[in-house]
Amino acid sequence: MIDLRLRKVLESDNTKMVLDLNLQFKKGQFITLYGESGSGKTSTLRLISGLMKPDSGHLSIGQQCWFDEDKKINLAPSKRKIGFVFQDYALFPNMTVKENLFFALSDKTDQGTIEELVQMMDLGDLQNRKPESLSGGQKQRVALARALVGKPEILLLDEPLSALDYKMRYKLQKYILKIHQRYKLTTILVSHDIGEIIKLSDLVFELENGKIARQGSPAELFGLGSTSAKFQFTGEIIQIESEDVLVIVTLLVGNDLVKVVCDKEEAKQFYLGDKVLVGSKAFNPIIKKI
Amino acid sequence: MNWIPIILTLKLSLITTLILFVLALPLAYWLSVTSSKIKAIVETLVSMPLVLPPTVLGFYLLLAFSPQNTFGAWLDQWLGLKFVFTFHGLVLASCLYSLPFMVHPLQSGLSSLPSSITEAAIMHGKSKFTILRKVLLPNIKPSVLTALVLTFAHTMGEFGVVLMIGGNISGKTKVASIAVYDEVEALNYGMANQYSLILIGLSFLTLLMVYLFNGGFFKQYLK
Amino acid sequence: MNQFEGNIVQIHSCGQLSIVTVELLDRNKVQSIIIDTSDTAPYLVLDTPVFVLFKETEVAISPEENPKISLQNRFRGKITAIEKGELLVRLSIETAAGNLVSMISKTALTDLDLFINDWVTALVKLNEITLSPK
């Protein structure tokens, strides 16, 4: 069981936000922190990793206490069994992929781990290349591999896929899920891509202004399973147009724009930018071979 | 031709550069990561030698280390160190005088690196020293080179500070820049010319190295 | 979207499919075919309150009271409003279960010769009804 009760006052420029967290979850789960920019998601990861020191509170992983203000415990980041994947990958530019991975090796772990990770993340051909010559997706795989060299128990991912295009995201999501299952990690992902969250997570915590506003399974939080419709996606309203006696709503679903017909009475509740669930019965769509 | 002033100049520049590199690096690192309230004050102090007349710096160093004053006398009595009119006095003075030339490029280079790189290294349990040596410095090679070369070149060109605290003692503190002055005073324009041309040549070469390196000229040879 | 409240009164499952009968508040029975069974959808239990949902564009109209046609779900009601577009028309129909909206082509309206206050039967196919637990 992971018990996180931390408090930190964050000051940046002229704004102040109080991060007041209270979350508990089981080890081995895939957790997502979801929320708007500035709601405290990255800061939460930094508190868990030890890169940022909380003002007060308690953080324990199972029987191990990593932080306790009263008991004056504050375990150094490297002693916490954590792998951290930064948003900008943070690969060392002066080292090749292989050297980046070896850098993460402390004396205790063996080289076999690196071999295995190279295989798993399909980095074989890239080993002697420097980060600047790699694509975004390749850099991300290296960052993931490097985070795993130390055999962490917890993997922290700070919006790792936000800079990638949809196709790359999809591929990387599969890698992330693969390593989560293979190494039996507790993974904490920061993301605001609902599709991604639904696909990967067991549990979602929604942060708002530094506090947990809601928590639950992705289905509970994002309204899936609220209808019998089998053909379901989440999308964002891009445009609402009146045509004839009905309304055509254009949605961004993943990387695709789709148009859906609506009754004008119904359309009154929709605004541009709304996140919606679009669903249809399995009986409706046509399938055609390409 | 008396090579001693040239040798003294080179010796002074080299030793100053090496000592300053070791001393300025931690300072530059601290400045690049701190958000302390005294940062502005420290930065100002570091930059002062850029604008202070060298003679002012030299004058106060003279007063501070003069054996007639308490501090200077104490140093002499307890540590046998004389900083006035000696070569090591010159080194001390040069370190102060060239400090901004070492600190600024290093600080600038270190600041330009994303903090996530340092943090990633911290996550893997590396000490600050290892991070500096293996992760930070290798990625700011142009800044390091600039810092070293500028410090070297700048020290070569010192005059006012060196004159004040060095005392122009032949063989000990008469560096090339002072030698030029001396020869002109003595109307030995020929000698003055020789020293000057050498100094110009050295300055040109050292600065050329920096610009060539930063322009990528040496990349082909370093592969 | 048309939405009516009711209770599940029958679940007939076979393999992955189920035909679910929902009795609406006016005792009218509506059927939906879904790819779910009581095992896959926890709300599929008798007497559970659910909403039945179907789009306006999926409602067929007939002036007859009991047209001989395969559509099983029928609502009898009076046209209370007709909004005409270029190609389509929007009919508001008051039924015992509530207000229902249908969109049909303008030509269909003229062919059927329908006007306000006319009584019609609204028809929806089995596979066009979506269920949503309350």
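From the backbone N, Cα and C atoms, a Cβ is placed for every residue, glycine too.
Predicted automatically and left uncurated, TrEMBL annotations should be read as such.
Marked as domain 'ABC transmembrane type-1' by TrEMBL: B:6-210.
Feature annotation from TrEMBL assigns transmembrane segment to B:12-32 (among others).
Counting only same-chain residues 6+ beyond the ends of the transmembrane segment (B:44-63), those with a CB under 8 A from a CB of the stretch are 27, 31, 69, 83-84, 89, 92-93, 96-100, 103-104, 158-165. TrEMBL lists B:44-63 (among others) with the feature transmembrane segment.
Annotated transmembrane segment per TrEMBL: B:83-103 (among others), in sequence order.
The annotation transmembrane segment is assigned in TrEMBL to B:143-165 (among others). Sequence-distant contacts of the transmembrane segment (B:143-165) (same chain, six or more residues past either end, CB-CB distance under 8 Å): 9-10, 12-14, 16-17, 20-21, 24, 53-55, 57-59, 61-62, 65, 83-85, 89-90, 92-94, 96-98, 101-106, 108-110, 112, 137, 173, 175-178, 181, 199, 202-203, 206-207, 209-210, 213-214.
Residues annotated as transmembrane segment in TrEMBL: B:195-213 (among others).
Long-range contacts of the transmembrane segment (B:83-103) within the same chain: residues 8, 11-13, 15-17, 19-21, 23-24, 27-28, 31, 46-50, 54, 57-58, 61-62, 65-67, 72, 75, 147-148, 150-151, 154-155, 158, 161-162, 164-167, 169, 172-173, 175, each at least 6 residues beyond the stretch ends and with a Cβ under 8 Å from a Cβ of the stretch.
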